[in-house]
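Worksheet: one structure, shown below.
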């Protein structure tokens, strides 16, 4: 209700602010008996954390996660898993200037208006830093989906500004993605993206792009017919990521230019399994997964923080000039890849558990 | 949980199948004391119903809604409002062929796999017909938002296949939109769209397009910081509409090609009110409405039902040929306009009521 | 959220007012493939309806339920089941006096204060009449529990005023209960209760009592450890019934006078099944069903409507005298028995489906 | 859904096990701008913690709470408040015997059956220790209710075994309650209770009792008409407390022996405010608070842990004898008083925020 939780049976509640004592979250509804330790979560966190490569912010944060509950002798017990990441450097620098104005396209103005109070230190609750516990929870979801269903989730950077990786390989692997720091699976394109990001940083500017995500081996039957369609819950999950501005599944916006006779996915018998020849549907029909790969894309705007003079107003509504300081991401996409995967994993795992309760109910 | 409800404080639960006895829904959380009658709901239903113009399906359904509860002497009482639309022609034609195969890009296969049973009459629960009660509920939400906040919600067809209305006027009115049966506010473009739809129908084919929605006078403060961001809930609402494949807000996918210095929306003092000069943010920052117009777009695929031979498989997985019969929409967009408005109204009204509980809490 | 729904995966939403066009409800999350018709629901409704015997109100209401959705060829489809009961006699008598005052111990005052408007006809939303659709939904829940788990739910009148049936037979059957119109399984006690009720009616007064409920063959594992303990959800369900004032499970309030050495239930091996020798726990330990019979009791106050002069105030706060007219129940307990069973069935069925999603998850 | 959360708009999620690294919880939906620090929470925790007096367990646990998020410069920001209490002594003693058997009337058997795994250290998730974070969250709820509405919540021990405080003073204060370590407001009765508890401990046995709670200055209008009646949510909250077996409001079970003419609460004009002369309703009518004191009672069974030989079975179902070791509460009631208050505060604060969203909506 308060908007800090996602999921129904498998629910994650996120808490914390950028420069508070800690950030963290609570994962409810994790099945019992699963081997789990911090080592399962750290790789995803390391792919999200600052300072991991030359093209992301050079801030140093270890993002070491601690599991505080829900485990007994290395296995989950079915009770809530509490995750915590201590904020290492709580000494706030001087935020007195920022407290007096509204940074363009940040959450400063809306938080101030809604709450009458605003944690200016590092952006407080609106900082992308608070996605870290979500990534840790997503790693648990992914482990469950992999273990019980063999699901694989791979996201990658499809475009940075106008530089686009236009191929599509449904069998793309995370290893291929991780070959470049920008997380585009084709190295020649990746190199151009990296150069673009570096040039942008030198200008004190920022750029956006598109992330594509492919999910293989999804069980048939996940999603609900009307409002909790699987694509609807994925759309919500993706639009809840900081800086995201759009979501499309399967053919998406480009598919609006096709005719039905081009766009329909013919069913075929593929070695005894019913599949579709094309996949414009993106793996979901009528709100329910059909067993084909789920494919979607998420648009990310250029980050709002730029190291250039900008016009804005102060709390009194007077025009002022603002120029950000410090180390920032000129492009969020490389670090957003594991966030997209985590949100997808949380969404699918919840729907899988919701569906399980109804499966195999034989009747009169 | 079961996916037939949307909203938290202001919640709508939809029920019914295309060819069942009736379709309907229950709206919980409507404030008390609002004048309401069926006359408030019928105009929106009439804009959604079949047979309203030459470019939509020629099926005849009156879609007359009945309010069964929640009113006393013409005013809402704060108790659930039950809405019902009787299905007029329940005599099902012969669905025996359809029951034996999976129509391409329909929900036949996924419903059969998930439930082990499928209501083939008119598509059952997967029919767009079941959006009618949602449109009625949306009309109530819109009335509330208009009455208490002066909110106006206007959606229109922005493109049909490659024919696009590329202007943008934030002050577009519903009257302008209603001037053409295709619901594009520019008549010269509308005419081309109509011709395209008619040509497509003659070929037994279908086409898609994009709907844009502009919401004026949104109160500042709606939406929650993390998972229930206002754009996330709008995305979910839009992706829950039949045939939708994408959602973008503000600059959307195109904005991924701008730099931050181009994309940031400078705050200005507009006659004593803090506003932004540009609106790439689409009226939402940090998940919370900022008072600027909310602007988003929804992609709709070409409808799956086409009057052409298609390859598919039967329940046994054997290849068969299928050709649909009957009267269908070659393009869903004109009738989807009021559905987009209804889903937006339901989403905003819920967030407005959630926020109201916290407003004006003065403290020590 | 709005309080008209109960359950999570298996959720029932109730709507309607005593003298509106109809009353009804929507049941979401019913498994697919279950044979169902109105005939399955009517017996429970007939046990709840007015006019069924000489000791209940002599109003005539058929309470014929209509299933409007969720069925295909006589089987459930997994989609929402819409239930409707038309109110037969909508002609409201003269409520002008009642509209001007607050009847003692009714909902008149609180509704007026909360909503600023009040449906005075027959009590509107606060009438026990609106439990009828809930009883119909409960009959579906009971059918599911019976069919898949063999669960049996039997409630009966344990006391009317000071007349108490003090025996306890965990194997009591519904047939035994139905042998008397007061629904007490021991006929000699039942006769005294009936006499007491009749004497009370002659005085224009009312009386209360206690209903006991025994649930056999409950699967082990239903309920959650902390806030959604099975007894907590049962308590909520029972306290949501009109006129109920208390709930106790197992040893209940009397158990507070035992010592731990008397009260603890020793585990035993009963032909290969682990059971407990005594059942002070009432079938639930740590919030989770343990396979023993669930036993609880619900206190019902004397009905607020009495045919005697009562002091109260009018809307202006002035002292007035009020005397109810019409036909009323002098004792709600006989008709509350099927309501208790329905609420128990809805609660258990929801927990059973919640648990099913997690059962038999084998791990590394 | 997973049962670790309570509340809708104002929601508390509890996590942790008795002997894990820490216990804690997350409170969502706290209004912004409220002064708050650990000092506001510690008094309630100190009233709940072990070792506070001679009649409770002599274990030493400081229960020092840390607020990890949701504060900025000493005020709440409207974002989740994360609460953590480190478990001081994580060295688990030898639980190997306990791991092999099911202690009578504990959660051992049901947890093992439901989850297939069980945290035996100190009872894991089923330990009453995990109520500590709930008490801290309740202190926040109570502060909000006190600050904005002047609500006061006072619970006390009404009976210990057969020793009963039979008076009732709606103006009882927490100071009066705290005058005795057993938390009964009448000192002569309190002394008898203390003697009874001490005698019970010497026998290695345990006893139960009843806690009564009085809530003053409740705003009119809290609670919803049908399933979320205020008394229903209070009943759920109370039955979710460890060892509770019953709940009754107002006249409760005793009221079932009154006639309607005795039981009805006449409305009166009390200096311009509409009140009731008697309060058998317990402050709630039709599910909604009426402004009179809310009065309810909760039954607590004798604690399951006793220092006596008990018969039970081991994991293989074989009969074994078990005798608990260590320091335990012979009577939970003195320490349960602040838990009852906390659960009441959480429930009321949630309903108050839910209602606020609808208050003062003026209409056409």
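Cβ coordinates come from backbone N, Cα and C, glycine included.
Long-range C-beta contacts of residue A:48 (NADP(+) binding site), restricted to its own chain and to partners at least six residues apart, with a cutoff below 8 Å, comprise A:63, A:131, A:132, A:135, A:335, A:338, A:339. Secondary structure at residue A:48 (NADP(+) binding site), as computed by DSSP, is helix. TrEMBL lists A:48, A:54 with the feature NADP(+) binding site.
Residue A:303 (FMN binding site) falls outside any helix or strand according to DSSP and counts as coil. A sphere of 10 angstroms centred on the C-beta of residue A:303 (FMN binding site) encloses 25 other C-beta atoms. Per TrEMBL, the feature FMN binding site maps to A:125, A:126, A:127, A:242, A:243, A:286, A:301, A:302, A:303, A:304, A:305, A:327.
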Near chain B - the binding-site residues A:54, A:125, A:243, A:301, filtered by Cβ distance under 8 Å:
A:125, A:301
Just give me the nearest neighbour of residue A:54 (NADP(+) binding site) among the binding-site residues A:125, A:301, A:303, Cα to Cα.
A:303
Under 8 Å Cβ-Cβ to anything in chain D: which of these binding-site residues pass, A:54, A:243, A:301?
none
Just name the most isolated of the binding-site residues A:127, A:305, going by other Cβ atoms within 10 Å of its Cβ.
A:127
Widest Cα span across the FMN binders A:125, A:126, A:127, A:242, A:243, A:286, A:301, A:302, A:303, A:304, A:305, A:327, in Å?
45
I want to check the contact list for residue A:125 (FMN binding site): same chain, sequence separation of six or more, C-beta distance under 8 angstroms. What comes out?
A:16, A:17, A:18, A:111, A:119
Please report the number of other Cβ atoms within 10 Å of the Cβ of residue A:243 (FMN binding site).
19
